[in-house]
Amino acid sequence: MWDYVKLVALGVVAAIAAYAASQARDLPYMVNMVEVALAAVIALIWVLRTMGDPKPSKDEYFDGVIRAGVIATTFWGIVGFLVAVVIAFQLAFPALNLEFGNGMLNFGRLRPLHTSAVIFAFGGNALIASAFYVVQRTSAARLFGGTALGWFVFWGWQLIIVTAATSYLLGGSQGKEYAELNWHLDILVAVVWVAYLIAFLGTIFKRKEPHIYVANWFYLSFIVTIAMLHIVNNLAVPVSIFGTKSVQLMAGVQDAMTQWWYGHNAVGFFLTAGFLGMMYYFVPKQAERPVYSYKLSIVHFWALIFLYIWAGPHHLHYTALPDWASTLGMVMSVILWMPSWGGMINGLMTLSGAWDKLRTDPVIRMMVVSIGFYGMSTFEGPMMSIKAVNSLSHYTDWTIGHVHSGALGWNGMITFGMLYFLTPRLWGRSGLYSLKLVSWHFWLATIGIVLYASAMWVTGIMEGLMWREVDAQGFLVNAFADTVAAKFPMYVVRGVGGVLYLLGGLIMAYNLWATVAKQPKTANLAVAVPAE
């Protein structure tokens, strides 16, 4: 019966999407609707082909979707890093801004593609896959909703990634940082995200373990908060239901405040709380040590959840935002430093008694460096939120360096460690294909991050000082073009750092493939047992 319901639903979706494509008022909308229709048809065929298949045992963990998530995370990571290298060199060498396809490959189109690829494709797939793995293992229960809900979340997320990418390349964007998707794709994100919440929360509800492990607290907080942020920030009235354009519900300073309430907390919950859930599970597992202080992890959780949501106004210092709101954001940001470092200390001290593994285990080394970058970024962020510091750093490349030291160092490195941990276990292999390749990846990525971040710190501070330099009469000394020319050497260094990081990602992709293809198999027990 359920299969027939799915067939009817997919048929209706395909028909509506095909009709919408035929009535489209602009190219991005038409292409997106064609993609949705094709996805629905492919899903319909897949349901037809699998209708008679035996149902999987309810005593086994649902690891198929997690394996797919590992593959997707690796693939989209490479795509995101590759686009990053292209746009880094486009900034250094503007001639690389090609006008092919009506500007499809210039910086303005590729930049949102890059941010979405690394945050929502690479990071999003990593979070979905790891959350599904962790919640099943710590609950000793199969994923709620079975294969249907799990695969809907996974393939729905891939559809969002593909439609977003094509929309950006074709010029479809609403121009909001980290929220460039137009209204019709915003709805798709909300639907898939609610399904993700149901799968995760349902698994916790049917858990066999009485205790809810702290990693699940962080995962759940990130899922719930991102849903709220996404829906409120993207409230809009479409100009036409057959076009991408819409009118935002809020305007002016209210829209700016809502946008950076969303933008900062996309960092705070998507890129921090979610990945802290990853840290609290995979670091103890890889180190084979319990969390240093479980009480500290609880304090860390509640302090972070309360404070982070207030910090958004620090993005709007010296703007039309009321001074009280700006000051409130600054104060909350400075206070946020303390729980953030509590989490960093908890992660690092989990290795107590196992520090020798840093010499022998490059995966642990990667995780430890990621925690170090988390600590550095969560000190630098509150410092940059102070108005006096922000007057120098705002609108400069210092902010870019700060974001990327966190994204590449914290999010990237902990994700790499998670992928190296999961791959042999999910495919039932005796171990990774090559620890030497992991070590190569570690050093290439670390050197790449240092080159990138330090180049942006240097050029950002230089840029801020050049902007504010005045002569004896009070006139500006430097034209804007002078500041751009002065940044050229550091832009090249940034590009080189990006190339090294990309090479590390390619080495990882080969190592993971070789682990599955060339390593001997072992018994792979995916049976629901007391918390692992």
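The backbone N, Cα and C atoms fix where each Cβ goes, and this holds for glycine too.
The Cu cation site in Swiss-Prot is built from H314, H315 plus one of H230, H264, namely H264.
The number of other CB atoms found within 10 A of the CB of H314 (Cu cation binding site), across every protein chain shown, is 28. Cβ neighbour count for H404 (heme b 1; low-spin binding site): 24 (other Cβ atoms within 10 Å of its Cβ, all protein chains included). Each of 1-21, 143-163, 263-283, 328-348, 442-462 was scored by its Cβ pairs under 8 Å to the transmembrane segment (69-89), and the highest score goes to 143-163.
Same-chain residues lying 6+ beyond the ends of the transmembrane segment (403-423) with a Cβ under 8 Å from its Cβ atoms: 66, 70, 73-74, 77, 118-119, 122-123, 126, 129-130, 133, 267, 271, 275, 278-279, 282-283, 285-286, 363-364, 366-367, 369-374, 376-377, 380-381, 429, 432, 438, 441, 445, 448-449, 452-453, 456, 501, 508, 511-512, 515-516. Panel annotation: around the transmembrane segment (27-47), residues 3, 6-7, 10-11, 13-14, 17-18, 20-21, 155, 159, 162-163, 166-167, 170-172, 182, 184-185, 188, 242-244 of the same chain, lying at least six beyond its termini, place a Cβ under 8 Å from a Cβ of the stretch.
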